[in-house]
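Here the structure is laid out as structure tokens; the discussion comes afterwards.
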Amino acid sequence: MKVAVVGATGMVGQVMLKVLEERDLPITELIPVASERSVGNKVKYKDKEFTIVSMDDAIAAKPEIAIFSAGGNTSLEFAPKFAEAGTTVIDNSSAWRMDPTKKLVVPEINANVLTKEDKIIANPNCSTIQLVMVLHPLNQKYDIKRVVISTYQSVTGTGKAAVDQLNSEVKGENPEKVYPYQIFKNALPHCDVFSDDDYTKEEIKLMKEPKKILGDDTFNLTATAVRVPVQGGHSESVNIEFENEFDLDEVKKILSETPGVVLQDDVKNNQYPMPLYSEGKDEVFVGRIRRDLSQPKTLNLWIVADNLRKGAATNAVQIAEYLTEHNLV
Ligand SMILES: NC(=O)c1ccc[n+]([C@@H]2O[C@H](COP(=O)([O-])OP(=O)(O)OC[C@H]3O[C@@H](n4cnc5c(N)ncnc54)[C@H](OP(=O)(O)O)[C@@H]3O)[C@@H](O)[C@H]2O)c1
């Protein structure tokens, strides 16, 4: 199977190559793609060097699957061209996520919606993926009424240039800024751009995407997304109000038995999820699980995951695995 990795030089693309190495997709040919600036440069995959090709050369090679992590505009322009050539595109950008004709997939939750006809498949936003991995099993059991989310998001979520900004600021330099302010020693309540209603696009993604993935629009979400000077992963403080009463031990049991979720909840021994320790891992970590004492049927918890792994590359590769295992490409 030929697989193109579009955006292979980027923050997500580099992790994508690593995740593809680790997992079992039957890849016979890897086709790395990046911008015209990088064509001819090399990337490493399985200890070998591969030359970056142009978008047009990659389309002409007719890969079975193309995994895009190269920004929304690149996806809008080129994903349909790959699809026309018969390639199935798995797209990490926000370009197609809320398009009603495209599927938005977290394999543990809704891979069963995929068919052979889906030629452009959307990978959800990184902070959405870790959130729904925890919301889904709880929604099935207790029926969610409302969710309030506050995020603490890693600079790796903004891409290579943002990591460079933080690293330079740590050294006392005054680099070119990706964010409107210094990020080192700071917290910016500003992830992605502001929309007309004064929410950021990141917050709107968190409020809309979970309903589509869970196939349930009977509950509501609200979000505040904050960028922090952290690199290992995104953290989320989540308040969940249910329609039905829950038992705290049962909640913990359900989450501990959910594939892809790891329960880290032992406060007496200072056990709770942290981004420093989620880096490089595929699982979603959940802890600090406790009743909201201010109102009934309501829970507080804390979710952490590596946004470049389960939040992007791993989820996309899992979709590719599902497609091949079910003969959908
Ligand atoms: N970072 C995350 O946690 C995360 C999570 C989920 C989704 N995403 C999405 O994934 C995408 C990439 O994010 P990133 O963080 O990896 O960004 P990044 O580090 O800035 O990398 C961007 C990549 O896109 C390539 N690219 C840019 N313009 C292109 C063009 N016109 N044609 C082909 N390739 C082009 C770049 O190639 P050059 O090196 O040649 O410039 C580079 O490989 C974005 O759409 C982002 O929203 C990111």
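Note that Cβ sites are derived from N, Cα and C of the backbone, with glycine treated the same way.
TrEMBL names Thr9, Gly10, Met11, Val12, Arg37, Ser38 as NADP(+) ligands; from the candidate set Asn307, Asn327, the record adds Asn307 to that same site. For Gln153 (substrate binding site) paired with His234 (active site, proton acceptor), the C-alpha to C-alpha distance reads 4 Å. With a cut-off of under 6 Å between the Cβ and any atom of ligand 1, the recorded positions Val12, Arg97, His234 reduce to Val12.
Counting Cβ atoms from all protein chains shown, Arg37 (NADP(+) binding site) has 9 others lying within 10 Å of its own Cβ.
Of the candidate recorded positions, Gly10, Met11, Ser38, His234, Asn307, the one lying closest to Cys126 (active site, acyl-thioester intermediate) when CA atoms are compared is Asn307.
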